[in-house]
Amino acid sequence: MGRIFLTGEKANSVLKRYPRANGLFEEIRQGNIERECKEEVCTFEEAREAFENNEKTKEFWNTYTKAQQGESNRGSDWFQFYLTFPLIFGLFIILLVIFLIWRCFLRNKTRRQTVTESHIPFPQHLNIITTPPPPDEVFDNSGLSPGFLEYVVGRSDSVSTRLSNCDPPPTYEEATGQMNLRRSETEPHLDPPPEYEDIINSNSASAIAMVPVATTIK
């Protein structure tokens with residue numbers, strides 16, 4: 001028999017319980033089968049080994065199974081909440097980040113548009129329509145009449161439109177207004193040419209009028 005069964009000391013030396021990671025807490029608060037079965041999932045055999053009595057084991061097992069069923073029912077009610085709440089919270093954070101990024105992008109875009117609009121120069125070929133001045137203010141501070149200013153503006157507009165239409169630039173005569181004078185000078189005379197006798201008479205008269213000059217050589 002001694003070879004088949006071990007004594008108590010030898011059995012405890014072989015079959016012993018190793019301490020857990022919270023061994024210090026277990027030394028302060030000694031555990032029991034009820035607390036261990038509530039904290040962990042235990043079986044009927046483990047409870048019978050702990051109580052070593054069938055009546056106490058059955059009584060404990062009935063209360064333990066009822067408590068486990070109640071806790072499982074309460075846990076199933078909260079399971080959906082524990083599952084959906086993190087998803088809803090994460091989706092809200094993602095939407096908030098997307099909204100902030102879109103807001104910053106829109107603000108930067110509006111700032112760029114305002115800066116570019118402020119730097120765009122005013123086109124020079126556009127005319128500004130203003131009300132006519134009163135008759136007292138016929139001349140401005142520079143001494144130029146409004147008619148002269150309108151003439152200058154109209155000429156600049158014609159030149160700008162000609163340049164925009166890819167026409168060649170105006171000549172010097174067109175720019176200075178001397179085109180009509182040059183045309184009048186180049187036009188042929190309408191008088192008939194002089195006759196041959198008139199040319200001879202004019203040449204003879206000029207020869208008689210000339211006085212000879214005598215030179216002396218010493």
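Residue numbering: from 1, along the chain as shown.
Including glycine, each Cβ sits where the backbone N, Cα and C put it.
The compositional bias 'Basic and acidic residues' annotation in Swiss-Prot covers 182-192.
C42 (disulfide bond) falls outside any helix or strand according to DSSP and counts as coil. Counting every protein chain shown, 16 other Cβ atoms lie within 10 Å of the Cβ of C42 (disulfide bond). Positions annotated as disulfide bond by Swiss-Prot: C37-C42.
Marked as domain 'Gla' by Swiss-Prot: 20-66.
The topological domain 'Extracellular' annotation in Swiss-Prot covers 21-80.
Summarising the annotation, Swiss-Prot assigns topological domain 'Cytoplasmic' to 102-218 and lists sequence analysis as the type of evidence.
Distant neighbours of the transmembrane segment (81-101): none; no residue of the same chain at least 6 beyond its ends has a Cβ under 8 Å from one of its Cβ atoms. Here Swiss-Prot flags 81-101 as transmembrane segment, drawing on sequence analysis.
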